[in-house]
Amino acid sequence: MSTSSLVLILVVVAVVLIAALVTGVVLTRRRRISLPQKEESPRSGGYQASSGFTLTPAAPEASDAEAVAAAEVVEPVEHPVADRTEVDGQPGVGDDASVPRDSVKRGFVEVDLPVEASEVEEIEPTAGRLERLRGKLSKSRNAFGTSLLGLLGAGDLDEDSWQDVEDTLLIADLGAALTTEIVDTLRSKIASSGVRTEAEAAALLRSVLVDALEPKMDRSLKALPHAGKPAVLLVVGVNGVGKTTTTGKLARVLVADGRTVLLGAADTFRAAAADQLETWGKRVGAETVRGPEGGDPASVAFEAVKRGMETGVSTVLVDTAGRLHTKKGLMDELGKVKRVVEKQAVVDEVLLVLDATTGQNGLTQARVFAEQVAITGIVLTKLDGTAKGGIVFQVQRELGVPVKLVGLGEGADHLAPFEPGAFVDALLG
Ligand SMILES: Nc1nc2c(ncn2[C@@H]2O[C@H](COP(=O)(O)OP(=O)(O)OP(=O)(O)O)[C@@H](O)[C@H]2O)c(=O)[nH]1
């Protein structure tokens, strides 16, 4: 083969190779262009992971529906142009684009962590509670204050009107004797002083009612330690009147006042009572001493006081049983609890809890309890649920024992000290 033939063959092969190369490149480009474009995700604001997870910013408080809505409507992030360092028109890179490079970097910051997680709650201030809770007496106010003021403010009262005044007091549970006394006082004062305006009638009514509540009675709660020992308070009453609740609320009052409290769950008759009391205790950081279900209440009370002396608390509150198989059994038990506690400390208060909604029944209970133990104070609960706030007057008069506390609701801080003036003001609106 001549040299020229060889050159010709090489040229032909080279041309064929170049043609094949060009064709391949063109085909490859065409194939790439014809690839179907990936559909844009409808949730362009979020990041759709290939496995189907949609990651959105956490919003713990948002409901699922709100979270989905938030993922679908995402506002474009505004670029903080003012912060940009590149004033020369050069693009920034990532986050650096908006953060000056010479800005002070955040170092470690010391943060005080709570020593341990605590369930102890905030307690409402105890001062002025009756004032703040006066709205809770609205039922009694409507039935009592509003109608009495309406009658007395109407000017000269005839016999029928005086009969209405008497009926109103009786319906409000003031009792026959006290009602007669109050009506007689009102009649003679109105006759002698010649009340003419509604304001004068209101002032007169207020002073007569406050007097009937014997404002000079000592209503202080004997709950402070003495002779190096804690004060001991027994909380007594029949079942369901609100003993456990009152004990818990009282613990809060004491803790809010800076005292330390220990609770004795001597209601061993009702299984849940000790649990209920313990929960109240935990809420204020107070220890609860309890015994076995059906155990001896006097022994629990004894142990509670012993423990209270050992730990040096200011006050031991003992919640007693409200129900036993017989009334005699209950009363004997109560006497025993008191005697046993007195072996090591003085019982400073025996607080009788009465449910204001039970009216005359409460009074009967009070008499039975008073025969057994020396009651030192009355707690009238559920005054928020009754129009018969007048029971306060009667129970105090009957027993000669001051109402010291009033329960005005199921809320943990719905226990108020009883103050005759503030109470009458709340009743009269
Ligand atoms: N509305 C209202 N409810 C109250 C008040 N005091 C207590 N209660 C409710 O009365 C119910 C009975 O209260 P408890 O404290 O369990 O009564 P208890 O006397 O200890 O009952 P026993 O353990 O069965 O003897 C609960 O539902 C309380 O929330 C109050 O002042 N107002």
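Glycine residues also receive a Cβ, built from the backbone N, Cα and C atoms like all the rest.
Within the set 41-60, 81-100, 241-260, the record from TrEMBL flags 81-100 under the feature region 'Disordered'. Looking at the domain 'SRP54-type proteins GTP-binding' (402-415) alone, the prediction's average pLDDT is 92. Contacts of GLY240 (GTP binding site) defined by a Cβ separation under 8 A and a same-chain sequence distance of 6+ are given as GLY322, ASP355, in order along the sequence.
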